[in-house]
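Single-structure report; data block below.
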Amino acid sequence: MRPARALIDLQALRHNYQLAREVTGAKALAVIKADAYGHGAVRCAEALQETADGFAVACIEEALELRAAGIRGPILLLEGFFEADELPLIIEHDFWCVVHSLWQLEAIEKAALSQPITVWLKLDSGMHRVGLHPADYQAAYRRLLASGKVAKIVLMSHFARADELHDSSSTEQLAIFDKARQGLVAQISLRNSPAVLGWPQIPSDWVRPGIMLYGATPFDEPNAVASRLQPVMTLESKIISVRELPAGEPVGYGARFVTTQPTRVGVVAMGYADGYPRQAPTGTPVLVEGQRSQLVGRVSMDMLAVDLTHIPQAGLGSTVELWGKNILASDVAKAADTIPYQIFCNLRRVPRLYSGH
Ligand SMILES: *Cc1c(COP(=O)(O)O)cnc(C)c1O
């Protein structure tokens, strides 16, 4: 059996969820969209079911998968419905629904609903992706109430730059949100992971942590709260071949790495078809037999090469951590010029083995 696998530590997931609650004092929707950022949405939801205030996913397909697996409690659809014919299912399964556009508001007004729904009314406070314009916000709130089809409204918005701790735009977005909701008596939800970890002054009745649940920092710089996160996924494999090369020998496709001295190279059963980033350059950190080392040469579809020269005890069958408790996914992501969100979501083909439940 191919030794590539992702170990998922559900105890660490619960720790990170509790941290989001502890530092905010708010209720927390665990964001488990995109198959829990590659960690397995059903297993993660099961692990959090007893404690979580609710879950958030991108679409009804993801929400239905959770209900089919027996997940109870609130599930928020972060982009609401894409077509009005999803509304009966939203009611049947008791999903909470973001309304980010006037067309969705109109669809709710027109629909014959058997029960009122819970709406999270999204304001575009400056990110300019989805959300109602501030000038339309109060009218939309009143129309939802007047429709008689809404049980509860939570006011929400989303930050564009909360991961930039010295940038003022989150404060500016908060001011726009506060102005748009003036006079409305309703719970609010603003904070994603970077805002949970780095912006303690921003209020929220509900927070929406995603990446932090999986133990990765959204910041480029050290952060005291983020340092308390526990990595959930360990992506590991084994060395399947060893080469002893003299100086001047190329390794891998395109000869992108050429030895400058006698070098021991180990080949690992892991490649970009598993989701390991192909862009990761020579020098990207890995852990072999508990020792830090580095990637050499190009990442192939099913294999990659690592330097074993300074780890004589490593050889055929040695375990290699690509990211996890020792090699942070955020560091691998940075080396590959991407973000931990993407390297987690890209995970595929690799069996996931769960512990800690
Ligand atoms: C994905 C998402 C989140 C979670 O973001 P993280 O940065 O992963 O914490 C929160 N809110 C909304 C609206 C989202 O789409």
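Placed from the backbone N, Cα and C atoms, the Cβ positions cover glycine too.
Annotation comment: TrEMBL describes LYS33, TYR253 as active site, proton acceptor. Summarising the annotation, TrEMBL assigns substrate binding site to ARG129, MET301. Annotated domain 'Alanine racemase C-terminal' per TrEMBL: 232-355, in sequence order. Sequence annotations record features per position, and here TrEMBL assigns N6-(pyridoxal phosphate)lysine to LYS33.
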Measuring Cα to Cα, how many angstrom lie between TYR253 (active site, proton acceptor) and ARG129 (substrate binding site)?
-> 39
Could you give me the DSSP helix, strand and coil counts for the domain 'Alanine racemase C-terminal' (232-355)?
-> 19 helix, 46 strand, 59 coil
What is the average pLDDT across the domain 'Alanine racemase C-terminal' (232-355)?
-> 98
If you count the other Cβ atoms within 10 Å of each Cβ, which of the recorded positions LYS33, ARG129 comes out on top?
-> LYS33
DSSP says LYS33 (active site, proton acceptor), in three-state terms, is helix
Number of other Cβ atoms within 10 Å of the Cβ of MET301 (substrate binding site) across all protein chains | 12
LYS33 (active site, proton acceptor) and MET301 (substrate binding site), compared by Cα position, are separated in whole Å by 26
